[in-house]
Amino acid sequence: MALSSSSAGNNETLEITSPKRRKVSDSDDSVLTVNSDLKDLSHFEFDRILSDSSERKSICLYGSFRNTSGKAIVLLEKKPFDEENVKGLLKNTCPVSQQFFNDIYGNYFCKADADFNEIKATVIHPATEKHVKKYEAQIHHLIEETPNLYETITLPFIQKEQFNLQWITNILEHKSETDRIVCEDTDPETGFVLLPDLKWDGKQIENLYLIAIVRKQGILSLRDLRGCHLDLLQNISKKCVKAIEEKYRFPKSRLRIYFHYQPSFYHLHVHFTNVDYHAPGIHAEKSHLLQSVISNIELMDDYYKKANLMFCVKEGDNLFKEYEEKGLVKKCVT
Ligand code: G7M
């Protein structure tokens with residue numbers, strides 16, 4: 001995580017500090033990241049908005065950090081309310097200014113204390129062009145990927161161009177986020193690491209979001225899953241559900257457990273979210289429930305080798321261009 005949330009929320013007391021930088025091995029240019037010692041966002045020079053969402057109460061900014069090479073993405077999101085937070089808010093003096101009232105109905109703006117007004121910030125630096133495309137608002141298309149199209153277009157594309165997986169290696173090798181690990185199984189075939197997703201601060205159950213990253217190398221995505229992986233999938237399902245139940249008192253029946261297809265990162269991982277939370281990528285065109293995946297493989301060992309899989313792609317994405325060049329999809333003319 002880039003920024004401690006307490007410093008992110010308190011915009012009025014930001015100090016001017018020069019971001020220290022650390023070399024990162026996962027960048028194409030091997031440039032320096034501000035993430036090793038970022039205290040505030042005062043050095044961020046904003047170029048443009050990549051996307052914003054009133055529904056998610058988030059905004060994604062593109063720019064750079066002063067005196068630092070490489071571009072940066074800063075994603076700011078308002079955090080959901082929880083009971084503890086609201087109790088604190090109500091106990092503290094929180095000035096309200098009335099907008100209007102009509103009979104028994106009144107509208108107010110409340111000036112909450114910084115402690116109860118935290119903003120979650122995700123900083124990606126140095127950000128590549130591919131990161132920009134991932135976070136940029138764009139038109140989407142659906143593509144039906146046959147096994148042959150996977151072999152001839154998608155797979156060569158993944159082999160040529162994909163996000164670096166250094167953050168995954170760091171988690172598996174206990175070099176990053178070690179204190180966030182919720183449950184771990186070290187078996188080389190069926191093992192995994194379960195921890196909160198980048199999108200979750202690990203606190204509020206309303207937007208509970210964890211990921212289990214498999215230990216075994218070489219399973220790129222759902223497409224690679226076969227009968228020989230059933231033990232791995234069942235092990236993840238059983239142990240992660242138990243760990244989440246124990247740590248967060250959150251029952252199995254309230255968990256949405258799924259894969260993304262296409263994922264952003266081609267090293268197999270499973271998403272665990274609160275079923276009432278509308279996390280990005282939960283819709284039919286992108287998510288595949290773990291239980292359905294297990295069931296499909298139980299019925300047919302090589303289901304995911306033979307199935308046509310739909311996936312959603314942005315018009316600006318290079319994978320879209322690969323399919324466009326073969327005449328399999330067309331840009332939207334408006
Ligand atoms: O779409 P895909 O299935 O590849 O999703 C990858 C998930 O990994 C997303 O939900 C990301 O929020 C999450 N993620 C990405 N990064 C770079 C990190 C990270 O550094 N740490 C953690 N804990 N989760 C990450």
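Just so it is clear, glycine is given a Cβ too, placed from its N, Cα and C backbone atoms.
Taken verbatim from TrEMBL:
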type     : residues                                : note
ACT_SITE : His269                                  : active site, nucleophile
BINDING  : Trp167, Glu177, Asp197, Lys199, 260-271 : substrate binding site
COMPBIAS : 1-16                                    : compositional bias 'Polar residues'
REGION   : 1-23                                    : region 'Disordered'
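Rounded to the nearest whole angstrom, the C-alpha distance between His269 (active site, nucleophile) and His260 (substrate binding site) is 9. Look at the binding-site residues Leu268, Val270 and count other Cβ atoms within 10 Å of each Cβ; Val270 has the fewest. Residue density at Asp197 (substrate binding site): 17 other Cβ atoms are found within 10 A of its Cβ, drawing on all protein chains shown. DSSP assigns Asp197 (substrate binding site) to coil in the three-state reduction, placing it in neither a helix nor a strand. Just so you know, the Cβ of Tyr266 (substrate binding site) picks up 20 other Cβ atoms within 10 Å once every protein chain is counted.
Using a 10 Å radius centred on the Cβ of Trp167 (substrate binding site) and all shown protein chains, the other Cβ atoms total 18. Filtering Trp167, Leu268, Val270 by Cβ distance to ligand 1 (under 6 A) retains the following binding-site residues: Trp167. In this structure, Ser264 is the one among the binding-site residues Gln262, Ser264 with the smallest number of other Cβ atoms inside 10 Å of its Cβ.
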